[in-house]
Amino acid sequence: MTRPPLTLFLAAPRGFCAGVDRAIKIVEMALEKWGAPVYVRHEIVHNRYVVDGLRAKGAVFVEELDDCPPDRPVIFSAHGVPKSVPAEAARREMVYVDATCPLVSKVHIEAQRHAENGLQMIMIGHKGHPETIGTMGQLPDGDVLLVETVDDVARVAVRDPERIAYVTQTTLSVDDTADIVSALRARFPAIVGPHKEDICYATTNRQEAVKAIAPKVDAMLVVGAPNSSNSRRLVEVAARAGCGYSQLVQRAGDIDWRALEGARAIGLTAGASAPETLVNEVIEAINARFDVTVDHVETAVENVEFKVPRILRQPA
Ligand code: 0JX
Ligand code: SF4
């Protein structure tokens, strides 16, 4: 059977960001240092393949600190945790390692600094997402107001419109967030915030690459998990940038081949928590069905790297 010709536009940057790389390394180094089991509060990053791989090496994934024994080390996921979590771990005299991405920790510090300056905080983020819970949890319950959409901006009830500030989740849609920030600035001209928003370099770059590819392709595949905020945003960005069909796939087995019938060009990217092995698996599956020419579309070069915490750099 002859395979139909297809151009595969491969996005760069794609896949692991520096925060994910560091978080996974932290779990691996903790296992080396303390042996199994090492507990991890929440999926270290939102990817089943990564989580299963670490579980096989002796990591135990739990949702709450209460599910951890006091005499084993615990790691907090890349998404960050409310202040109460390390406080409770310290109270129980547990060994803990915080794998919160430094770019998320930076937002935590911003929120606290604004609050110390007497400003009421608004967080732009997705309700219930662990990063939003973690960032809002840097301040006492109820102190941070959550805004998810432009419509929410009209509804939000602040104490004093002259004394407010905002922070954002790091993995939001750059364009949606710009609209929300504009609406906030229009309603509260005195609002204090970061230069643009707190969306990180990795989120921004992956969205940019998708935007460059989307208009050229019949379909976009995004390797990533359904609970991965940054991956889901890539699917939306592709659709909005003019791609008629975009699908989030965890593994090659999830690809909807019927939707790709007749396609002449497909875009492929991966969320910040999706390993390159899974991208390769998808490429191989596409190769098996199409006569593929790969076209690399690189819209940025990344060279960010984060150090692991000192406790892991010291001998046991
Ligand atoms: O759901 P998110 O995109 O925040 O997390 P994921 O998929 O685990 O990505 C890496 C961690 C990102 C934290 O900012
Ligand atoms: Fe850090 Fe950005 Fe990666 Fe999140 S997506 S872990 S903020 S680098």
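Using the three backbone atoms N, Cα and C, a Cβ is placed for every residue, glycine included.
For reference, TrEMBL has these:
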type	residues	note
BINDING	C17, C101, C200	[4Fe-4S] cluster binding site
BINDING	H46, H79, H129, S228, S229, N230, S273	isopentenyl diphosphate binding site
BINDING	H46, H79, H129, T170, S228, S229, N230, S273	(2E)-4-hydroxy-3-methylbut-2-enyl diphosphate binding site
BINDING	H46, H79, H129, S228, S229, N230, S273	dimethylallyl diphosphate binding site
ACT_SITE	E131	active site, proton donor
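Overlay of TrEMBL annotations on the structure.
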residue: C17; record: [4Fe-4S] cluster binding site; Cβ contacts under 8 Å, 6 or more apart: C101, C200, Y201, A202, A272, E302, V304
residue: H46; record: isopentenyl diphosphate binding site; Cβ contacts under 8 Å, 6 or more apart: G224, A225, N227, S228, S229, S231, G271, S273
residue: H79; record: isopentenyl diphosphate binding site; Cβ contacts under 8 Å, 6 or more apart: H42, T100, C101, V104, H129, P130, E131, G134
residue: T170; record: (2E)-4-hydroxy-3-methylbut-2-enyl diphosphate binding site; Cβ contacts under 8 Å, 6 or more apart: C101, L103, V104, V107, E131, D198, I199, C200, T203
residue: N230; record: isopentenyl diphosphate binding site; Cβ contacts under 8 Å, 6 or more apart: T171, A202, T203, R206, G224, G271, A272, S273
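A Cβ within 8 Å of the Cβ centre of C17, C101, C200, the residues given for [4Fe-4S] cluster, is found for these other residues of the same chain: A18, G19, V20, A78, L103, V104, T170, Y201, A202, T203, A272, V304.
For ligand 2, none of the binding-site residues lies close by, meaning a CB under 6 A from one of its atoms; the full candidate list was H129, S228, S273. The local packing around E131 (active site, proton donor), expressed as other Cβ atoms within 10 Å of its Cβ over all shown chains, amounts to 26. Neighbour density around each Cβ, counted as other Cβ atoms within 10 Å, peaks among the binding-site residues C101, S228, S273 at S273.
The Cβ neighbour count for H129 (isopentenyl diphosphate binding site), using a 10 Å radius and every protein chain shown, is 17.
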